[in-house]
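Chemist: Below you'll find the structure I mean.
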Amino acid sequence: MLNQTEVSEFILLGLTDVQALQHFFFISFLLLYLTSLLGNGAIVTMVIFEPRLHTPMYFFLGNLSCLDIFYSTVTVPKMLTGFLFGHQPISFGGCLAQLHFFHFLGSTEAVLLATMAYDRYVAICNPLRYALVMSPRTCLLLAVASWSTGFVHAMMHSVMTSQLSFCGHNDIRHFFCDIKPLLVLACSTTSLNMTLLNVVTTSIVLGPFTLIVLSYLYIISFVFQKVRSQEGRWKPFSTCASHLTIVALFYIPVLCNYTPPSSGSFPKRDVQVSLMYSAVTPALNPLIYTLRNQEVRSALRKMLGRK
């Protein structure tokens, strides 16, 4: 069916119209973006070329870093351009593409974090069978399943949004094309889109989050039942600390934005919360793993020493 939209482009209004704040935000988010690119790029390079990191945990970490590079690139460059040149026009097709890749990468990350939690559960609670359970084939299948789930979820929203008619205002009160602000602008009925957002997207968020919680409940129960020494109990938790920190940084803002039932409104708070998981978290992830992980720090020193 042909798209019957009358609007050929949208205008991204960005974060603020205050000139002084625009300059401050430009420098701040440029530094965050560069940190994300350099930090995540370094982790991907280390995971590929350092033999000691050829394990399931670092395989998934490499996938996460790859995701974060693309995830921040979907939104941040356009936002930075807006800080320099004001409100940014974006074509209808470009808007749909941005929406698709944002939700593709975001939902993939949600599933991948659950996969990483499962990896930690097997490593701590069933270490003797870890190599068998988390075989290279299983790790590859889990990674493919994560990326495929994200792609299908994003494609569903892209196709449904493309069928809407936009015939009135074209100002998007956001720094990128997201589903909620687009539904506010639609002239045609959005009840099915809203249902998909409330049911499917909420499930994509809450499903992996539930698996993460269950994995760590099993880990906590196992550690306190089977491990007697205080030092022995601390070691499993220290290996999970980086992952738990990233889960908190990603899921807390995502849960705030996508788990409450969505209505026809789009509060400004959603824009501010979106900044956390689209720009800030991708920059913090490599720092968290580098600062807390001895193997990653050693591999980084080795890589820098070669250069």
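Heads up, residue numbers simply count up from 1 along the chain you see.
In case you wondered, yes, glycine gets a Cβ from its N, Cα and C as well.
If you look up TrEMBL, you'll see 20-49, 56-76, 96-118, 139-156, 204-224, 236-254, 274-291 marked as transmembrane segment. According to TrEMBL, the feature domain 'G-protein coupled receptors family 1 profile' maps to 39-289.
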Chemist: Determine whether the transmembrane segment (274-291) and the transmembrane segment (20-49) share at least three Cβ pairs under 8 Å, counting only pairs 6 or more apart in sequence.
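Modeler: Taking Cβ pairs at least 6 residues apart, the transmembrane segment (20-49) and the transmembrane segment (274-291) are in contact, with 3 or more under 8 Å.
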Chemist: Between the transmembrane segment (56-76) and the transmembrane segment (204-224), are there three or more CB pairs that fall under 8 A, provided the residues in each pair are separated by 6 or more in sequence?
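Modeler: Contact criterion not met.
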Chemist: Can you work out which residues elsewhere in the same chain, 6+ from the ends of the transmembrane segment (56-76), have a Cβ less than 8 Å from its Cβ atoms?
Modeler: 29, 32-33, 36-37, 39-41, 43-44, 47-48, 98, 101-102, 105-106, 108-109, 112-113, 115-116, 119-120, 123, 134, 139, 142-143, 146, 175-176, 246, 278-279, 281-283, 285-286, 289, 295
Chemist: Within the same chain, where does the transmembrane segment (96-118) have neighbours whose Cβ lies under 8 angstroms from its own Cβ atoms, ignoring anything closer than 6 residues to its ends? I mean 6 or more beyond.
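Modeler: For the transmembrane segment (96-118), the list is 57, 60-61, 63-64, 67-68, 70-71, 74-75, 78, 90, 142-143, 145-147, 149-151, 153-155, 157-158, 161-162, 176-179, 182, 201, 204-205, 207-209, 211-212, 215-216, 243, 246-247, 250-251, 254, 277-278.
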Chemist: Average the per-residue pLDDT over the domain 'G-protein coupled receptors family 1 profile' (39-289) and send me the rounded value.
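Modeler: Mean pLDDT, the domain 'G-protein coupled receptors family 1 profile' (39-289): 88.
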